[in-house]
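A.B. asks: One structure is given below, represented as structure tokens, and several questions about it will come after.
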Amino acid sequence: MKNYLSINDIDSLPVWVDEAITLKKDPYQFQDLGKQKTVCLLFFNNSLRTRLSTQKAAMQLGMEVMIMNFGNESWALEYGDGTVMDQGTSEHIKEAARVVSQYCDIVAIRAFAGLVDKAKDEAEEVINGFAQYASIPVVNMESSVGHPLQALADAITLAEHNEKPKPKVVLSWAPHPKALPHAVANSFVDMMKLQDADFVITHPKGYELNPDITKGCHIEYDQDKALEDADFVYVKNWSSYSDYGQVLSKDLDWTMTEQKLGKAKFMHCLPVRRNMVVDDAVLDSDQSLVVEQAHNRVFAVQLVFKKLLETLS
Ligand code: CP
């Protein structure tokens, strides 16, 4: 593995999940692996979990960590080839990625979708620009279209709580006041396609995800029907993909409640808006796995760094 940009960079999800669970039992067992190695975390957007879990994971491997809030601390980057840079951008990705590569051994990047221009978002110019021009491994800490560290943490959490050979897992859209990206839902779908599960996606009409990603998945527009006999319910808001970046509905009938959840376990990547996306009663119940998901973010990224460090040494 040269970079970790997508859940599809994982050669065997079950093997990785087992390795992450083993790592979790003794997180400092590879603390010499990252000695005299540095990871640089570049944030173009806000974070709580990604920033702290990634830093924690690097520290547990003995790495040094440099963090930059790139969006408001660094120069505005240009990505276009051959652009006459007489407008707002000050530095080209070609120099920036090569320079960052001189200071560290791995670079991890968070750069969300703008949700205005679908083609621009899907081109993934930030993460792909670094992958193209950096001479060190690049890790995706949530890009325009994917959040593969979250999906790996979710796979670990599912494995830890699953008691059935083929569990029913439902991805349910929920209302939100703002337009949110598709990255978490996309990577969750990609990850579920690698699982032996009865997987169902439910959302109002108009909220279909990218059909290239959901190809072959069971989509059920009736949320109650989708939730019948579910073992795990993963709730997430996303904006419209077809009417790109628009909020078409804030219908609180889609909010996850105790009654809708039934006996299923509740999952969400966080941050979550209480009583909009999900009721207090669900988040405050023993059925909620959200804090465990956040905990598993450490072991997901630690496993990715461990594998990348092994290719460097
Ligand atoms: N789930 C997640 O990525 O959380 P943050 O946005 O706080 O990093």
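All residue numbers here begin at 1 and follow the chain in the order shown.
Cβ atoms are placed via backbone N, Cα and C, with glycine included.
Predicted automatically and left uncurated, TrEMBL annotations should be read as such.
According to TrEMBL, the record shows the following:
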BINDING   SER47, LEU48, ARG49, THR50, TRP75, ARG110, HIS147, PRO148, LEU149, GLN150, CYS269, LEU270, ARG297  carbamoyl phosphate binding site
BINDING   GLU142, HIS176, LYS236, ARG273  N(2)-succinyl-L-ornithine binding site
DOMAIN    3-160  domain 'Aspartate/ornithine carbamoyltransferase carbamoyl-P binding'
DOMAIN    184-301  domain 'Aspartate/ornithine carbamoyltransferase Asp/Orn-binding'
A.B. asks: Between LEU149, CYS269, which of the binding-site residues has its C-beta surrounded by the fewest other C-beta atoms within 10 Å?
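C.D. replies: If we count Cβ atoms within 10 Å for the binding-site residues LEU149, CYS269, the smallest count is at CYS269.
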A.B. asks: Considering only the binding-site residues SER47, HIS176, LYS236, CYS269, ARG273, which possess a Cβ situated under 6 angstroms from at least one atom of ligand 1?
C.D. replies: SER47, CYS269
A.B. asks: Using Cα-Cα distances with a 10 Å cut-off, which of the binding-site residues ARG49, TRP75, LEU149, CYS269, ARG297 are near GLU142 (N(2)-succinyl-L-ornithine binding site)?
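C.D. replies: Near GLU142 (N(2)-succinyl-L-ornithine binding site), where near means Cα within 10 Å, the binding-site residues are LEU149.
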A.B. asks: Find the one among the binding-site residues HIS176, LYS236, ARG273 whose C-alpha lies closest to that of LEU149 (carbamoyl phosphate binding site).
C.D. replies: LYS236
A.B. asks: Considering the binding-site residues HIS147, LYS236, which residue's Cβ sits among the greatest number of other Cβ atoms within 10 Å?
C.D. replies: HIS147
A.B. asks: Within 10 Å of each Cβ, count the other Cβ atoms, then let me know which of the binding-site residues HIS176, ARG297 comes out lowest.
C.D. replies: HIS176
A.B. asks: When the Cα of ARG297 (carbamoyl phosphate binding site) is compared with the Cα of each of the binding-site residues HIS176, LYS236, ARG273, which one is closest?
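C.D. replies: It is LYS236, whose Cα lies nearest.
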A.B. asks: Under 8 Å Cβ-Cβ from SER47 (carbamoyl phosphate binding site), six or more apart in the same chain: what's there?
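C.D. replies: Set apart from SER47 (carbamoyl phosphate binding site) by at least 6 residues yet with Cβ under 8 Å, we have ARG110, MET141, GLU142.
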A.B. asks: Which one of the binding-site residues (ARG49, ARG273) has its C-beta surrounded by the most other C-beta atoms within 10 angstroms?
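C.D. replies: Compared across ARG49, ARG273, the most Cβ atoms within 10 Å surround ARG49.
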A.B. asks: Return one of helix, strand or coil for LYS236 (N(2)-succinyl-L-ornithine binding site), based on DSSP.
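C.D. replies: DSSP call for LYS236 (N(2)-succinyl-L-ornithine binding site): strand.
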A.B. asks: Which of the binding-site residues ARG49, TRP75, HIS147, CYS269 has its Cα closest in space to the Cα of HIS176 (N(2)-succinyl-L-ornithine binding site)?
C.D. replies: CYS269
A.B. asks: I need the CA-to-CA distance for ARG273 (N(2)-succinyl-L-ornithine binding site) versus HIS147 (carbamoyl phosphate binding site), whole Å please.
C.D. replies: 19
A.B. asks: Long-range neighbours only, meaning 6 or more apart in sequence with Cβ under 8 Å: which ones does TRP75 (carbamoyl phosphate binding site) have?
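C.D. replies: Non-local contacts for TRP75 (carbamoyl phosphate binding site): THR89, SER90, GLU91, ALA96.
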A.B. asks: Can you figure out which of ARG49, HIS147, CYS269 (the binding-site residues) comes closest in space to LYS236 (N(2)-succinyl-L-ornithine binding site), comparing Cα atoms?
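C.D. replies: In terms of Cα distance, LYS236 (N(2)-succinyl-L-ornithine binding site) lies closest to CYS269.
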